[in-house]
């Protein structure tokens, strides 16, 4: 019999073992679709970003007009830009759902996979931040100024570090140039980290909604899950194109239609919606260094999740108390997101402080306690 190239070719057999003949639990739900959706998001963003970079000029005097030129004069430039800007929002929607699914179903017990995933999230956040600066509108400029300024809160080396990052004494041309370089580089780092993430995942195989070993009941990835993933792609690309074509500026800030002006500060400086929860936590602490530490902790806390798992069951499928707490956490994050978009005045200040406190309390205190309580209730 002739050798099967798919299984014998050095490169194809790697693709085969990770995308075609991969043994997959038969009962994984649609919540497991978001990993592949993130892959599609990354490819879309790299492609549209590459096309945008061909028409972009990383110079403070030309950046804003080069983006306007792309939208007005380049064939389908408006579409490429709208897909890229809104694609970032969908990227974050998918990654937040993906993390939520991992949290709900105890996937974080695959520690290496989880930790590389958190590193991927941090890299994605860095990429989105430097990318938002590139159009050089008012919110781009002031967002860059406010966030980079936070590094000055680091004792002793802070101010030097900030000036080194800026390449001067304020956000200016050198800052824009290096942010463009970083925005070009980081997505390829994300692609590399994704391969590491998948390598660790395929060491153990996928988790499933029951959280039990499913080796006795696995099915090949192709055709079952390739088809399911294609359905997922369609269901994601449909709202993305709808948003990009009908209301492309819905999620953007109107302030960014004004070219950057260091002499005029916008009334409300706020980041894109996907950073608002962290921004609300940052603002809820009246001390600069304390706020920076809380901001860092709000994301870095994900590294601690595997160590805070006290329940004897892996998933929350049969743990109603943990489920309740999980949805309280989701509601809490939505409140933080809303508060982050509001001005710093009563009652938003106190709401933000309470929501920030609740966020850390749920993750660090309540989840381990509830897990232990459920063990007692189930006589484990």
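From the backbone N, Cα and C atoms, a Cβ is placed for every residue, glycine too.
Since we're looking at a predicted model, the values are computed, not measured.
Per Swiss-Prot, these features apply:
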{"type": "TRANSMEM", "residues": "34-54", "note": "transmembrane segment"}
{"type": "TRANSMEM", "residues": "78-99", "note": "transmembrane segment"}
{"type": "BINDING", "residues": "84, 183", "note": "heme b b562 binding site"}
{"type": "BINDING", "residues": "98, 197", "note": "heme b b566 binding site"}
{"type": "TRANSMEM", "residues": "114-134", "note": "transmembrane segment"}
{"type": "TRANSMEM", "residues": "179-199", "note": "transmembrane segment"}
{"type": "BINDING", "residues": "202", "note": "ubiquinone binding site"}
{"type": "TRANSMEM", "residues": "227-247", "note": "transmembrane segment"}
{"type": "TRANSMEM", "residues": "289-309", "note": "transmembrane segment"}
{"type": "TRANSMEM", "residues": "321-341", "note": "transmembrane segment"}
{"type": "TRANSMEM", "residues": "348-368", "note": "transmembrane segment"}
For the transmembrane segment (179-199), the distant same-chain contacts (Cβ-Cβ under 8 Å, at least six residues beyond its ends) come to 18, 38-39, 42, 45-46, 49, 53, 56, 58, 113, 116-117, 119-120, 123-124, 126-127, 130-131, 133-134, 144
Close approaches to the transmembrane segment (227-247) from elsewhere in its chain (Cβ under 8 angstroms; 6 or more beyond its ends):
30, 33-34, 36-37, 40-41, 79, 82-83, 86-87, 89-90, 94
Contact call for the transmembrane segment (348-368) and the transmembrane segment (78-99): at least 3 Cβ pairs under 8 Å, seq gap 6+:
no
Based on Cβ pairs under 8 Å, which of the stretches 78-99, 114-134, 289-309, 321-341 lies most in contact with the transmembrane segment (34-54)?
78-99
Distance from residue 202 (ubiquinone binding site) back to residue 98 (heme b b566 binding site), taken between C-alpha atoms, in Å:
17
What residues in the same chain, six or more past the boundaries of the transmembrane segment (114-134), come closer than 8 Å to it by Cβ-Cβ distance?
56, 58, 63, 67, 88, 91-92, 95, 98-99, 102, 107-108, 140-141, 143-144, 147, 175-176, 179-180, 182-183, 186-187, 189-190, 193-194, 196-197, 200, 271-272, 274-275, 299-300, 302-303, 305-306
Give the nonlocal contacts of the transmembrane segment (321-341) in its own chain as ranges (CB under 8 Å, at least six residues past its ends).
100, 103-104, 270-271, 273, 275-281, 283, 311, 348, 351-352, 355-356, 358-359, 362-363, 366-367, 370-371, 373-374
